[in-house]
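Here is what Swiss-Prot records for this protein:
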type	residues	note
ACT_SITE	Asp13	active site, proton acceptor
ACT_SITE	His43	active site, proton donor
BINDING	12-18, 42-44, Arg258, 284-286, 324-326	GTP binding site
BINDING	Asp13, Glu14, Gly15, Lys16, Asn40, Ala41, Gly42, His43, Thr127, Arg141, Gln179, Thr194, Arg256	IMP binding site
BINDING	Asp13, Gly42	Mg(2+) binding site
BINDING	Thr252, Val253, Thr254, Gly255, Arg256, Arg257, Arg258	substrate binding site
Amino acid sequence: MPSMIVVGGQWGDEGKGSIIAYLALHDEPEIIARGGVGTNAGHSVFINGKKYAVRQLPTGFMQRKARLLVGAGVLVDPEVFFHELEHLKDFNVKERVGIDYRCAIIEPKHKELDRSNGYLHGKIGTTGSGCGPANADRVMRKAKQAKDIKELEPYLTDVAAEVNDALDEGALVLVEGTQGFGLSLYYGTYPYVTSKDVTASSVAADVGIGPTRVDEVIVVFKSFPTRVGAGPFPTEMPMEEADRLGLVEYGTVTGRRRRVGWFDFEMARYSARVNGATMLAVTMLDKYDKEAFGVTDYDKLPRKAKEFIEEIEEKVGVPVGLIKTGPELEHIIDRRDTI
């Protein structure tokens, strides 16, 4: 069985959480591991009409048979971690989660610096979660590690060893990235970016998967890309236009209103290339064409929606295998057997 990595192709908030949740339940991976930056990115998923938002734990938590892991490359905020254990207690998360003992720790001083620094919080528009300052301490070899926090001891593990052991045994491993290509420290709209690279290569390294062991890379795009905070947004539409189209969204972590734009095919193609996409996922197709809401059969999509998907495939050069047509888990078209 393969390893599968899911990353964002735009500026985050693409709907990765809903794609990951579907894959977790449908494909039944034995391990779901989180890579990415840390608690500055929130993933949301609707289960039976209830919204669950996580910032630290893997979004595939609802797959009760899976081991849930947080890779060594991820920053851990103990306060957020324990809050989510309680928040998700109905899913038996506490007994299934493991944190790599090498994860760097976000301390209160990091959050305070993130929120009080005029450049980071004012100009760049960071979330104030402390990730940038914590990663800076990590680079300077000053950050604490998970193994230094007594309260985390029951959850410590070697994530890289667990993941590679699972792959050796033929198990399916699902790896979650955070944020999106446009926020990558290396490839994004610098300096309006996050504090590390968030492409598929880095996300694989975060959990200890070498490049030869990556089988599938799914890059997620939203039909109308959004961005929270400052920075270039070439296809941004006026807020009045977003209101008219019913495209009003707020960030999971910050609560700030998201800027909205038109689909950027040029960016999508570049993002897919650098991420090494084997497949694309498109979310919120129902926002592009309201008649697509709830459709689960590709052949039954209205013409406008289907032409949009075909245009993405043609211009990006990668097949679209998963299409979200609404907020609930079952609002999805799975074309993976036909592409």
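Backbone N, Cα and C atoms are what each Cβ position is placed from, and that goes for glycine too.
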Between Asp13 (active site, proton acceptor) and Thr325 (GTP binding site), the C-alpha gap once rounded to whole angstrom: 16
Gln179 (IMP binding site): secondary structure state under DSSP, collapsed to three categories: coil
Residue among binding-site residues Asn40, Thr127, Gln179, Gly255, Arg256 with Cα closest to the Cα of Leu285 (GTP binding site): Gln179
Gly255 (substrate binding site): nearby binding-site residues from Gly15, Ser18, Thr325, Cα cut-off 10 Å: none
Residue from Thr127, Gln179, Arg257 whose C-alpha is spatially nearest that of Ser44 (GTP binding site), among the binding-site residues: Gln179
In the chain carrying Arg256 (IMP binding site), residues 6 or more apart in sequence that have Cβ under 8 angstroms from it: Val228, Gly229, Tyr250
Within 10 angstroms of Gly15 (GTP binding site), Cα basis - recorded positions out of Asn40, His43, Thr127, Arg258: His43
Intrachain C-beta neighbours of Thr325 (GTP binding site), sequence separation six or more, cut-off 8 angstroms: Leu285, Asp286, Ala292, Phe293, Gly294, Val295, Thr296, His331, Ile332, Ile333
Local Cβ density at Asn40 (IMP binding site) - other Cβ atoms counted within 10 Å: 27
